[in-house]
């Protein structure tokens, strides 16, 4: 069938518009499905890169426009503002601060920090007061984490710390008591992380000995060694 030029144009437009609608619908469905993942990715970017909106007005608009493509009405920027100000400065450490962690135990807001001065320090944010300084590590404290497992199961205030002295230590900082020392790694222990499942019962540690170890926090036993990395 021979079609006139206007008919051809109309037919092509209709087909193109239908395709556009399908693509738009497909994109919309993907956006709904992936919205949570995008939100997590954006939070990760901001946490890792310590992004604060407000540096440059054009940059703000660029970031907001870009993020809104993926997370419209999900992610808000209210907390990132050019009027943000320094609230407090903690100055007790005498050398590099490698790691910090925050927790809320019994309505108390606490920060712990690990430093090259070989100490782990705990501060009560609301009272603006250092409540403990832990000094058993013999080298840099590279990572510190509050233990959700000890608090939720035993109502203990416990911090876990890892160090370049090759150890991982558990501290009951309310009673200034060292609970356990884990010594299986053969080099610096750069990072530790409690599991997001089972109430934080499991601990993962990454080391300069090229391994990741899995620990049971309840028994302090090493459950598994992950090998394969070729460096720290």
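Note: Cβ is positioned from N, Cα and C throughout, glycine not excepted.
Per TrEMBL, the stretch carrying the note transmembrane segment among 13-30, 31-48 is 13-30. Residue counts for the repeat 'WD' (134-181) by DSSP state, with H, G and I taken as helix and E and B as strand, are 7 helix, 23 strand, 18 coil.
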